[in-house]
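Written below as structure tokens is the structure these notes are about.
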Amino acid sequence: MRAVGVTDLPFALRISAAWSWRLAIILAVAWAIAWALAQLSFIVIPVLVAALLAGLLSPLVTWLRRVGLPRGLAVAITELGFIAVVAGLLTLVGRQISSGFSQLWGEALAGLAEVQKWFSEGPLQITSSQLDTYVKDAQQILTTNQGTLVNGVLSVGSSAGHFITGALIALFVLVFFLLEGQRIWGFLVGMLPRQARPAADGAGRRGWTSLVSYVRVQVFVAAVDALGIGVGAAILGVPLALPLGILVFVSSFIPVVGALVSGAVAVLLALVANGLTNAVVMLIIVVAVQQLESHVLQPLVMGRAVALHPVAVILAVAAGSYIAGIAGALFAVPTLAVTNSAVRYIASRSWENSWETEGATAPADAGRTPVSPEAP
């Protein structure tokens with residue numbers, strides 16, 4: 001009786017086994033990379049933020065170079081201008097909040113009185129003594145858990161320190177992305193085996209093109225959302241309309257979740273400051289703006305910039321937020337867009353016998369602009 005060889009096994013079983021161990025290795029490597037990135041998140045997140053900002057600001061560097069400015073001066077003007085704009089907006093928002101807080105506090109107290117009146121005279125029939133009991137119970141809970149609250153405040157302070165450190169790292173890395181993006185990319189490609197360089201170089205350039213398109217379109221969509229909701233809030237007389245518009249703009253970079261949070265804040269401000277009717281009108285404005293984004297801007301503009309199905313976007317945001325919280329939700333869609341473009345390029349095999357075969361083996365010229373990954 002002869003021993004059973006591999007060839008005696010069913011063909012389907014052999015194929016399944018071959019695929020299984022290869023997929024297992026891929027998943028293990030992917031898990032190891034994800035674990036390593038999570039341990040280095042204090043560095044990885046600022047670098048990713050710098051990449052997004054480079055995609056946004058590199059056209060301005062290119063324009064300044066065409067005007068005749070040296071690259072170093074163009075990068076300095078671009079980054080310092082960006083910092084000045086952000087600092088100016090933060091200062092303006094701070095002044096708006098400080099000047100409008102007292103008015104908002106008075107309106108909030110008046111709104112609380114109306115809520116208490118509704119509780120006592122409405123269908124719930126809750127008396128003032130019962131409300132006082134509930135308030136005292138809440139105070140007792142706060143007193144009992146004040147140690148936890150203090151630890152939470154300290155963790156917020158620590159997070160603020162981490163945020164400032166990350167922002168400084170991102171700005172520092174952004175300088176070199178804008179100044180020597182091509183040289184950095186050429187160095188990374190040069191570390192790969194010679195046979196893999198053409199495909200990796202072309203895939204990376206296609207992925208960068210998708211990233212730049214995503215950032216530009218997302219800024220446009222966020223601006224439309226901020227203008228729509230901010231102007232609507234100002235017309236309705238909702239306090240802190242400018243800070244609300246900036247909140248909408250920033251939160252729009254987190255698909256789906258950001259719109260829900262900023263919309264809820266807008267409606268809550270209208271409810272506290274101006275009453276139920278004003279809040280309903282604000283809700284209608286928020287829904288109208290978000291429907292415009294979902295059914296017009298996203299399919300027509302974003303769909304052309306990054307070829308991703310809405311279901312893929314939602315699943316990516318859900319998975320990213322589950323794995324890495326807010327940072328995961330922020331980077332999920334651009335990561336998926338870059339991966340999609342890179343995989344499509346490699347699968348098309350258009351890199352074979354193309355210009356990348358000769359150009360990918362040497363580092364690219366540092367003087368070329370990093371915003372044009374398609375340029376030879």
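Using N, Cα and C of the backbone, Cβ positions are placed for all residues, glycine too.
Annotation source TrEMBL lists region 'Disordered' at 357-376.
The feature transmembrane segment is assigned by TrEMBL to 12-34 (among others).
Beyond its flanks by at least six residues, the transmembrane segment (40-61) meets 71, 74-75, 78-79, 81-82, 162, 165-167, 169-171, 173-174, 177-178, 181, 208, 211-212, 214-216, 219, 324, 327, 331, 334, 369-371 of its own chain at Cβ-Cβ distances under 8 Å. What TrEMBL records for 40-61 (among others) is transmembrane segment.
For the transmembrane segment (73-94), the list of distant contacts is 53, 57, 60-61, 64-65, 171, 174-175, 178-179, 242-243, 246: same-chain residues at least six beyond its ends, Cβ to Cβ under 8 Å. Among the features that TrEMBL reports, transmembrane segment is placed at 73-94 (among others).
According to TrEMBL, the transmembrane segment annotation covers 160-179 (among others).
Sequence annotations record features per position, and here TrEMBL assigns transmembrane segment to 214-236 (among others).
When Cβ-Cβ distances below 8 Å are used as the criterion, the transmembrane segment (242-261) is approached by residues 89, 92-93, 96-97, 218, 221-223, 225-227, 229-231, 233-234, 269, 290, 293, 313-314, 317, 321, 326, 329-330, 332-333 of the same chain, each at least six residues removed from its ends. What TrEMBL lists as transmembrane segment is 242-261 (among others).
Positions annotated as transmembrane segment by TrEMBL: 268-292 (among others).
The transmembrane segment annotation in TrEMBL covers 312-339 (among others).
For the transmembrane segment (312-339), the list of distant contacts is 34, 38, 41, 45, 48, 52, 207-208, 210-211, 214-215, 253-258, 306: same-chain residues at least six beyond its ends, Cβ to Cβ under 8 Å.
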